[in-house]
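Below is a structure I'd like to ask you about.
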Amino acid sequence: MSAEVFSYESLVHAVAGAVGSVTAMTVFFPLDTARLRLQVDENRKAKSTPAILADIVKEEGLLAPYRGWFPVICSLCCSNFVYFYCFHWIKNAWLKGRLSTPSTDLIVGIAAGVINVLLTTPLWVVNTRLKLQGSKFRNADIRPTNYSGILDAFEQIIRKEGVGALWNGTFPSLLLVMNPAIQFMIYEGLKRQLRRGVPRELSSLEVFIIGAVAKAVATTVTYPLQTIQSVLRVGFIYWSCSKAWTFGLNFFFSALLSYQFGQFNTPKERSKLLSNLNKRLMEMKDLL
């Protein structure tokens, strides 16, 4: 059993997954900054990504889009190492040389995701707060922080909010294990389709395309949960769980409807649509 857990193949997959995710996050980190600001700051107007980044640079400085890069990279490296290691270890231990199926990939992905969430959520709580520290928000509910680094953030959160605060957002995170599980299921399924008939190694371009398709589908399906997760990790003072869920659904459906349907192209039409959506969602919130 120990040989299966500490196998060289699982280690290679884990290191490759960690390095790949760190490289990708470093390149696209400003986009992740814009995403997080929109998710947690309900009073920030939704604009195009370049416009949001331009506002951040203008208000907070040229390096603001890369604020919190180091703690995020540390968390991402640890998280992906754990996930890829567990995924390939569980898969190899379960299949024992047999061919995999989409359902097997999904179950293994969920199991690896649960282990990853329980082990690495404290890192993500800390890095989310560090990434937003010093940001200029439109929302007065956001609690200002003053952390000097990762260890100081851990110490202050435990002292002021208790150890349990390090696992804020665990419930939506556990639901979000479906994200990488769906991604891996689609990825492995597409890979099997491309290899059908003639077993071969896929080219880098093929791997890139099927990986991008799998991630896009998984992210779209689970995006409302990601918004709720971000809100809970930041630590709003006055936000209950029901309000976080309402805000997550509000953000998701507002963005989806406003930008996906062609009839809402002008600012006036989008504003009217969002106003109507907010009114309906406020009615929903009163019932929660």
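Each Cβ is built from the backbone N, Cα and C atoms, and glycine gets one as well.
Heads up, TrEMBL stuff is auto-annotated, nobody curated it.
In case it helps, TrEMBL gives these features for our protein:
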type	residues	note
REPEAT	8-93	repeat 'Solcar'
TRANSMEM	12-31	transmembrane segment
TRANSMEM	68-86	transmembrane segment
REPEAT	100-193	repeat 'Solcar'
TRANSMEM	106-126	transmembrane segment
TRANSMEM	171-190	transmembrane segment
TRANSMEM	202-224	transmembrane segment
TRANSMEM	244-262	transmembrane segment
What does DSSP give as the helix, strand and coil breakdown of the repeat 'Solcar' (100-193)?
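When I sort the residues of the repeat 'Solcar' (100-193) into the three classes, I find 70 helix, 0 strand, 24 coil.
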Counting by DSSP, what is the helix, strand and coil composition of the repeat 'Solcar' (8-93)?
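Summed by class, the stretch gives 72 helix, 0 strand, 14 coil.
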